[in-house]
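According to Swiss-Prot, the [4Fe-4S] cluster binding site annotation covers Cys430, Cys436, Cys475, Cys479. For Cys479, the entry in Swiss-Prot reads siroheme binding site, with the evidence type sequence analysis.
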Amino acid sequence: MKKDYKKVFLKNTKEERIKENSNYLRGTIIDDLKDEITNGFTGDNFSLIRFHGMYQDDRDLRLERNEQKLEPRYAMMLRCRLPRGIIKAKKWLKIDHFASKNTLYGTIRLNNLQTFQFHGILKKTLKDAHKMLNKIGLDSLGTANDVNRNVLCTSNPMESLIHQQCYEWVSKISNFLLPQTKAYAEIWLNQKKIATTDQEPILGKTYLPRKFKTTVVVPPYNDVDLYANDMNFIAITKNNKIVGFNVLIGGGLSINHGNKNTWPFLAVELGYITLEKTLSVAESIVTTQRDWGNRTDRKNAKTRYTIAKVGLSVFKKEVEKRANMTFETIKPYYFISRGDRFGWTKNINNDWSLTVFIQNGRIYDNDKQLVKSGLLKIANLHTGNFRLTANQNIVISEILDKNKKKIEEIAISHGLIKKVSSLRENSMACVSFPTCPLAIAESERILSFFITKVENIMLKYGIEKEIIILRISGCPNGCGRSLLAEIGLIGKSLGRYNLYIGGNRIGSRIPKIYKENITEQEILIHLDFLIKIWSIERQKKEHFGDFVIRRNVVKKVVNPIYDFWN
């Protein structure tokens, strides 16, 4: 008798009930918006606004307002939907203006989902945010919660004809998998409700069991960290054209401390497809996960757990059945790096791109750099695009020859072109405190200082020009992608972290825990020792992560289901 995996799980979670009863993500959000007494969204709406691209929290003001016996002052984070990470420079002017005038922090945050987000929007100005985005052709629908999130793309589609084709496929996939509900337009843009029944032919009435992430990648660069994502399309080319995709599925990095039923996992190969099958295969992968994914335990609801439960071959056969096709054998591909290439690049149409490093992706001005002001000046002059990268940096692209010198002068004078170490350029941190509701340890706010201390260690041993992929996450939810780093810190409690080592340079190996629940000072002592022996004993051009595996400092993670925790 054939097993029906859709019926394996019986009792659904609270989140499933919320989606079921939400009337296609409407809930009573409109009522909460009309309520001028409370600052936030209540009940089910607290969860539902995430489908509209927002998170709510008050943690940076909670203690102070509790002591003053005041009602919580909630503020929202809003994340834009920006498939492929591209935005016209002129549209940036509106984004900058909104951040300056309508957020508590006055900053813009680039994230590693290749888009930007605002922090500190009060409820009374939320509609203004959505209307502003709508005026420049953007929205925030589906950038959070149980849907296909922002689709990532290799960063610079202007670099070659292949990159331009990649760019077009990202748009097709993103639009194809977007929620069809009219709730977003009705609530945030005051669009009149039409007396028809909503339908979600791909996502379904209760949407997906958990968040779902997709990438489109042009080898040999893995800047999007494809192995961390649910569904990935690796471009295969012939005669300067994309002819098909290798399809990989089931990647993900979130864990729960101490819960051995959770584990990170690298995306695995399904097979090769020709271009005309792309959308039907994408739909079939998503709907298989929709129907078979775990809706009773959100900690085991991601695609990788579905594959582990039913087996890759069974999952693959179901996708082939739904798409009415058969996967071909994987085509050869390889990766050489995943970092951004900073500085000037000449594009195929003879204009220019300038990639600039943005520490932590945080766009603001301070006494050392005028990043926000500099980008604003460039946006006023520039006729091309800003392209956001999955490493939280910006590519100023399609720069005309006549503007190149002026843009370079602005970039230099505002600190956008500035020599920093390779270690710093390849570092990353999630937002964490004070605005992330899941944070349990510092991340973004300490990264720069921590990198300086590691830079000093590397200088001491004469290897200050070397690259180490170092990342910090304020909780084990995976946003900082620390579990694909050569050195990864994951917050365990305030001021304490688990230290993981042994990932590789291209992001295709999960690191192993080296020390648990230790302070920053203890971490630096351990790193001093490890970097010292690496500098002395490494083989020619041997990377740090490869060295600690070869030296048996930690065991290589081969199958994280069995050996990540052991």
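Keep in mind that glycine also has a Cβ here, set from the backbone N, Cα and C atoms.
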Shell list ([4Fe-4S] cluster; ref centroid = CB of Cys430, Cys436, Cys475, Cys479; cutoff 8 A): Val431, Ser432, Leu438, Ala439, Ser443, Ser473, Gly474, Asn477, Gly480
Number of other Cβ atoms within 10 Å of the Cβ of Cys479 ([4Fe-4S] cluster binding site) across all protein chains: 23
Residues that sit under 8 angstroms from Cys430 ([4Fe-4S] cluster binding site) by C-beta distance, when 6+ apart in the chain: Cys436, Ser443, Glu444, Ile472, Ser473, Gly474, Cys475, Cys479, Gly480
All-chain count of other Cβ atoms within 10 Å of Cys475 ([4Fe-4S] cluster binding site): 23
